[in-house]
Amino acid sequence: FIRRVGWDERLVNESYPWVEKQIIHQPKLAQWQGAFKDSLLDVGVSPYNGFTYDHIHGTKVGGTLFDRFGRRHTAAELLASANPKMLTVLVYATVQKVLFDQTGRRPMAMGVIFKDENGNQHQAFLTNNRRSEVILSCGAIGTPQMLMLSGIGPKAELDKLNISMVLRNEFVGKGMADNPMNSVFVPTNRPVEQSLIQTVGITKMGVYIESSSGFGQSQDSIRCHHGILSAEIGQLSTIPPKQRTPEAIQAFIKRKRDLPHEAFKGGFILEKIARPISTGHLNLVNTNIDDNPSVTFNYFHHPHDLQRCVDGIRMAAKVIQSKHFTNFTRCDKPTVEKLLNMTVKANINLIPKHTNDTKSLEQFCKDTVITIWHYHGGCHVGKVVDPDLKVLGTNRLRIVDGSTFNESPGTNPQGTVLMMGRYMGVKILRRRLGKAAHV
């Protein structure tokens, strides 16, 4: 990935440990994850690479944001490395749009409009120093939305909402991608401890196999969301916006409440498609930055993505049927058809299901696809930004986030996105000091 995007490998290798030392930890491997690890090796996802941050083929244990006390650490803690005399952080401030000076040959970012916690609007301006700049880090969905609301984007998109054009760029919001995820439910005869992703199988067929467990340890848990497998917190993205009605959401919740609490006593084996070929687009719904835009990812639009999902589900089924897993779950070796039917009936999204049609793994993939929130694209290098991530056709405006990615790096892009901040900061600083020394 680093070579493909053309980054300085030495600087990247300096920047990753900077993040890892501050907020990343080695997980205490849960029993479920241990059985999952042994099963991955049993079905040929080898070698075992132990605990490592490196993205290499085989089975490994990765880092976690949770420390040994179960406390979650966030990117905000990286601010502890900053010089407080050189930094002002506004909490509960939400940027509404970027302001431009259009008197010159190229539009020049000069500041932003932001809203405070009381809804009052304010303006913040750059200094007269020509090196000052606005950096957008709103994510793959927020950044193209922000650009368009600020007047940079496709002409038709801006015209339909009467947004004054600052710069026409037909590529803003295009090439949106998300790594589709599908899962297979694994029942157990006893409650298991809750664990998020700790172990991962990085296969050579472009599929990552991961697992989570422990979403049903009490009768009340079925009435709550189930983390990454929950329509209430994100899976509505798998159906068209016009179908996401309050009635549909309530019907989903009722169906889930009607499930016996034993239904979620086990866990899930997940498969994620790496580097999906299928892409989509982002469109504005209105001019309110607080409202989500409409995003179409076109999951499995390309047949190669669908075939890799099928291969991943087959691999997941082998893992579940491994002796290591059946010994742990204390369940008889389940048939693939039974597992897939249980998964379809679990209602993990609002897509209309084809129950009793699980012999078609292609249909199973389409029915049970959900997001893993690894959105990327919308502001690609060479189309919206240059290799230094400056917005093409403008001055003093840069983007540093996953919207510039053509692919989601690794099994989880979070580490790379965090690394980008330090990487770009050091790169810019070194360049400026170098120029100053030369002069």
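Any Cβ shown, glycine's included, is placed from N, Cα and C.
What TrEMBL says about a protein is an automatic prediction, not a curated fact.
For CYS309, the disulfide partner named by TrEMBL from the candidate list CYS331, CYS365 is CYS365. Here the C-alpha separation of GLN414 (FAD binding site) and CYS309 (disulfide bond) works out to 23 Å. Long-range contacts of the domain 'Glucose-methanol-choline oxidoreductase N-terminal' (139-153) within the same chain: residues 95-100, 163-169, 172-173, 176, 282, 284, 287, 289, 292-293, 295, 375-379, 384, 391, 394, 399, 401-403, 405, each at least 6 residues beyond the stretch ends and with a Cβ under 8 Å from a Cβ of the stretch. It is VAL95, among the recorded positions VAL95, CYS309, CYS365, whose Cβ has the fewest other Cβ atoms within 10 Å in the structure shown. The FAD site in the record is lined by VAL95, TRP373, HIS374, GLY402, PRO413, GLN414, and its two most distant CA atoms lie 24 Å apart. Residue counts for the domain 'Glucose-methanol-choline oxidoreductase N-terminal' (139-153) by DSSP state, with H, G and I taken as helix and E and B as strand, are 11 helix, 2 strand, 2 coil. Its Cβ placed at the centre, PRO413 (FAD binding site) has 22 other Cβ atoms within 10 Å.
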